[in-house]
Amino acid sequence: MLRVEDTTQQHEPVTFSAELTAKFADIVSRYPQGKQKSALLPILHLVQAEYGWLSVPAMDNVAAFLEILPIEVYEVATFYTMYFMRPQGKYVLEVCRTGPCEIVGAGKIMDYIENKLGVKEGEVTADGLFSWRGVECLAACGYAPVLQIGPEYTFYENLTEQSVDQLIGDLKAKAKN
């Protein structure tokens, strides 16, 4: 079963702009004839960058563009954690929750972020600015606990409650500009 949020937004029709479709075509042109499915990952990245997440209609349109089955798109989109199956905040705080980070307080940092933002993991703040989630290893164990913020995947290391406060404050200020 496709793990997506059952919301009205999930089923709203999506029409890709001519500019976005041209970007798709450019990506597909880099692959041999008949191998257009190879363009799936970068095209999903473009769709998510445009809409902030991957709705079922958006994924269906990608499948139609690439001339593949919708299930092939769903399989890829739901396998990789970098794709979102429901709307996210402008800033998604991804906290490493694996062993080394957990040992030095990642769980406490996630609890702090939940309380600071007032939303549970995967939810969006009322102002639309923030979402957060625990993720698997971010390969920065020597600087644990760590988090990253996409889509640039900027890392923040040696997290404390104070550094989280500073980060959230800086992002709020950035959003106002």
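Heads up, the Cβ atoms here are built off N, Cα and C, so glycines get one too.
When other Cβ atoms within 10 Å of the Cβ of C137 ([2Fe-2S] cluster binding site) are tallied across all protein chains shown, the result is 14. Taken from TrEMBL, the feature [2Fe-2S] cluster binding site covers C96, C101, C137, C141.
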Enumerate same-chain residues with a sequence separation of six or more from C96 ([2Fe-2S] cluster binding site) and a Cβ-Cβ distance below 8 A; give 'none' if the list is empty.
A106, G134, V135, E136, C137, L138, A140, A144, P145, V146, L147
